[in-house]
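Annotated features, as they stand in TrEMBL:
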- C118: active site, proton donor (ACT_SITE)
- K24, N25: phosphoenolpyruvate binding site (BINDING)
- R94, R123, P124, I125, D126, Q127, D307, I329: UDP-N-acetyl-alpha-D-glucosamine binding site (BINDING)
- 9-407: domain 'Enolpyruvate transferase' (DOMAIN)
- C118: 2-(S-cysteinyl)pyruvic acid O-phosphothioketal (MOD_RES)
Amino acid sequence: MGQEVIKIRGGQTLKGEVNINGAKNSAVAIIPAAILAEDNVTIKGLPQISDVETLVSLLGDLNIKTNLTGTTLEVDPEEIINAPLPNQKVESLRASYYMMGAMLGRFNKCVIGLPGGCPLGPRPIDQHIKGFKALGATIDESSETSMKIEADKLVGANIFLDIVSVGATINIMLAAVRAEGQTVIENAAKEPEVVDVARFLISLGADIKGAGTSTLKINGVKHLHGSEHQVIPDRIEAGTYMCIAAACGEEIKINNIIPTHVEPLIVKLKELGLDINVGEDHTQIKRGNKYTSVDIKTLVYPGFATDLQQPITPLLFMADGVSFVTETIYPARFKHVDELKNMGADIVADNGTATIKPSKLKGAKVYASDLRAGASLIVAGLIAEGVTTIYNVKHIHRGYTNIVNTLKSLGADIWTEEV
Ligand code: EPU
């Protein structure tokens, strides 16, 4: 069987509108969180990506009835069972770790494969485990492929996270919503996706205070009912299209955004020299004539998102001086660098910082090592002279709804091929 590649002939000018989909990193937590509900749940505004399909299929493995139509998922948990979860599906995405917190919260027990996901260097889950243990769970890690987590009962506790972690904050919240008494998570992540998951759990009847601040207080409740929830727009997808517009947009309108969620990017694009119009739920961007180099340091929210560090990098080749991108969340998240070098870019990554000099990009054969590296290569391919062929595009489909057709509709010369 052949493999799909994405091909782009760069240099086109893009024009038109893009509607941003629901946030991947909310969706991948909210779908597992639906396990906690005892009645039917409807989740609206889901992105149409393979990570969503995988998680829905994992719900099916627990005998939960699901109906995913377009962007809406209906979940009927009436016949739910606590089954061990298969390794292969669990390994195909990082967010499968949310099945741990959700199953622990629902059944006080789970057996589950170890999470996979993008290879961004070491991605431990020690803070998740620390939280589960604090709530009274024991963890059997004797198997190399799976983990058994169980508790006689879960009891609220005070948990101070050593590292600000989106995943650990959400996972502990999932395990704690039905625990006995109060759980306090300190040094919690403040990302909008954490707030969205908390909003969903509150809609089920959970008692959670402080989402969006660094202290979360969760008072356990006995039952969680059904609800309907609309996922927030994806700030990283929006940011990726904003970078694309800045690279080659004649005029691109990006609809369905929450401007505050993309503010750190807007600030950088303005520093770079772009003129950006921001409305209540949209932004309009067109390529500037001259870009000034900027320095970027990734930080936890509301700092500059690590997930946008790779997509913005190709823009920095268009600037008139040297830019530095420092990655503090995943210091090894620089797998796009060698691929960009292949395209003629003058970029060096060392010790968590990329040094980026003005360069003219040329089409080349490149490899998407991870989701946002793939997004970076798409932006680069749109700017480059000639044809870029991107291999390993399964990573891109894990996180971007229909990106090839969306770019085509804006006027990009982009297509897929089986090779
Ligand atoms: N960390 C630990 N121990 C833990 C948990 C995290 O050392 O127990 C470290 C990580 O290795 C990393 C830092 O803490 O250095 C922050 O990691 P975090 O837990 O916040 O990341 P995550 O929850 O695994 C989510 C997103 C990522 C995004 C990061 C940071 C999901 C499914 N993934 O990962 O998204 O980069 O937060 O914002 O929500 C992507 O969308 O491309 C992506 C990788």
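One-based numbering along the chain as shown.
Cβ from N, Cα, C; glycine included.
Unlike curated records, TrEMBL annotations are generated automatically.
Sequence features annotated in TrEMBL and their locations in the structure.
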{"residue": "K24", "record": "phosphoenolpyruvate binding site", "Cβ contacts under 8 Å, 6 or more apart": "P47, I49, D51, V52, D234, I236, E237, G399"}
{"residue": "N25", "record": "phosphoenolpyruvate binding site", "Cβ contacts under 8 Å, 6 or more apart": "A95, V166, E191, E193, D234, I236"}
{"residue": "P124", "record": "UDP-N-acetyl-alpha-D-glucosamine binding site", "Cβ contacts under 8 Å, 6 or more apart": "none"}
{"residue": "I125", "record": "UDP-N-acetyl-alpha-D-glucosamine binding site", "Cβ contacts under 8 Å, 6 or more apart": "Y97, P115, G167, A168"}
{"residue": "D126", "record": "UDP-N-acetyl-alpha-D-glucosamine binding site", "Cβ contacts under 8 Å, 6 or more apart": "none"}
{"residue": "Q127", "record": "UDP-N-acetyl-alpha-D-glucosamine binding site", "Cβ contacts under 8 Å, 6 or more apart": "L161, D162, I163, S165, G167, A168"}
{"residue": "D307", "record": "UDP-N-acetyl-alpha-D-glucosamine binding site", "Cβ contacts under 8 Å, 6 or more apart": "I236, G239, R372"}
{"residue": "I329", "record": "UDP-N-acetyl-alpha-D-glucosamine binding site", "Cβ contacts under 8 Å, 6 or more apart": "T298, L299, V300, T306"}
Could you say which of the binding-site residues R94, R123 has its Cβ with the most other Cβ atoms inside 10 Å?
-> R94
At its widest, how many Å does the recorded UDP-N-acetyl-alpha-D-glucosamine site span between Cα atoms of R94, R123, P124, I125, D126, Q127, D307, I329?
-> 22
Three-class DSSP secondary structure - I329 (UDP-N-acetyl-alpha-D-glucosamine binding site) | coil
Where does D126 (UDP-N-acetyl-alpha-D-glucosamine binding site) sit by DSSP, helix, strand or coil?
-> helix
Model confidence over the domain 'Enolpyruvate transferase' (9-407) (mean pLDDT, whole number) = 96
